[in-house]
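Asker: Take this structure first; my questions come after.
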Amino acid sequence: MKRHLGLLRLLPLTAVFMLLAGCGEERLSALDPYGPQAEWILDNMILSLYVMALVVIVVFVLYFIAVFKFRKKPGDEELPKQVEGSKALELTWTIIPVILLAILAVPTIWGTYYMAEEVPEAAGSSGEESGDEEQSGEGGDSGNGESSSEESPQGEDALVIDVTGHQFWWQFDYPDGFSAGNEVYIPTNEKVWFNLTASDVIHSFWVPALGGKIDTIPGVENTMWLEANEPGVYKGKCAELCGPSHALMDFKVIAMEPEEYEAWEAEMASGNASGGQSSEESGSEQETSDNDSGEGASAASNGRQAFEDQGCITCHAVDGQGTGQGPTLSNFGDREKIANILEPTDENLEDWIRHPGDIKQGNNMPAFPDMNDEDMNAIVQYLQSLSAEENMNQ
């Protein structure tokens, strides 16, 4: 009796934990789809739930009927009717499961082929010349077979983005030669293809509001497509344990109206999002910048020089300059988070530059704890000034 009371006491505790599990801000959820892939995944989940619920209900109903209706009564020594070898029963419990499996298998197989649609051959991948038919064919196939632009409604206009997973950030390379880090911009209402790989360990690319996930593997290129039905910011995550800061390896998919996306793409491709000049240019125009824009613009202009002097450009590309071993910073001022963790304030940016390992353990960025305040402030102002969206609105 006491044992049963102990188990009963666990019920309200379990209910509390289940309630708490549903609390908090909305984050990653496959139950709130904003794209055709995600909608199909949710529909298939609901279908599976209905089928399994039907099976559970039928099994439990038959179980309780057997327990209460056919239980042995006092003095009843007669054996129940034996049904061994009954063809009717054997056909029943064979055909019904086959039908249920078919109900699940048909849409699953259809969806698998639907989501595995290949990159249009004529589209190519980032860095390739779309006018070169042979070259774009190789990039578009990604080793996954052949397709033609006629099979896709987008054909040569299909957007193909190269994705590389790093510990613990994401690199997105666009066909026009520019890159983005941790935030990928796409147009709405059209398929966008991603060629995915990794530079170090296995990661997994997952945007639950838009579609399924796929592994990024060093030396291997996988391909997937996503489509967003409406503008918005959709959160993504690495879904494969990849190191001490795996839980912080987030990214965002920012979907824009096609016209707005084209303007953003042109701004990024033109290099105007760099927000500053090279050291030679900044030196010749420093006085004009000081007079026209005041102290803030002066700090941002000085920041380009400090950015180079402190060696930041060794790892971080800006406007095509730099090696790009770390995330590109061309549109840093547009990002909603610093390192996809911190709010984009000057104080948080300074903390990140001085002590990146304390914030995201295991990342490869060197710390700059002893950088002087003047250079630090200049670099912070410079990075915050790098904006493609601001230039678009001017």
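Just so it is clear, glycine is given a Cβ too, placed from its N, Cα and C backbone atoms.
TrEMBL lists these features:
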type     : residues : note
DOMAIN   : 22-119   : domain 'Cytochrome oxidase subunit II transmembrane region profile'
TRANSMEM : 45-70    : transmembrane segment
TRANSMEM : 91-116   : transmembrane segment
COMPBIAS : 144-155  : compositional bias 'Low complexity'
COMPBIAS : 268-281  : compositional bias 'Low complexity'
DOMAIN   : 298-387  : domain 'Cytochrome c'
Asker: Which residue counts does DSSP give the domain 'Cytochrome c' (298-387) for helix, strand and coil?
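Answerer: Secondary-structure composition of the domain 'Cytochrome c' (298-387): 43 helix, 4 strand, 43 coil.
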Asker: Let me know the model's mean pLDDT on the domain 'Cytochrome c' (298-387).
Answerer: 83
Asker: With DSSP, how much of the domain 'Cytochrome oxidase subunit II transmembrane region profile' (22-119) is helix, how much strand and how much coil, in residues?
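Answerer: Grouping H, G, I as helix and E, B as strand yields 63 helix, 0 strand, 35 coil.
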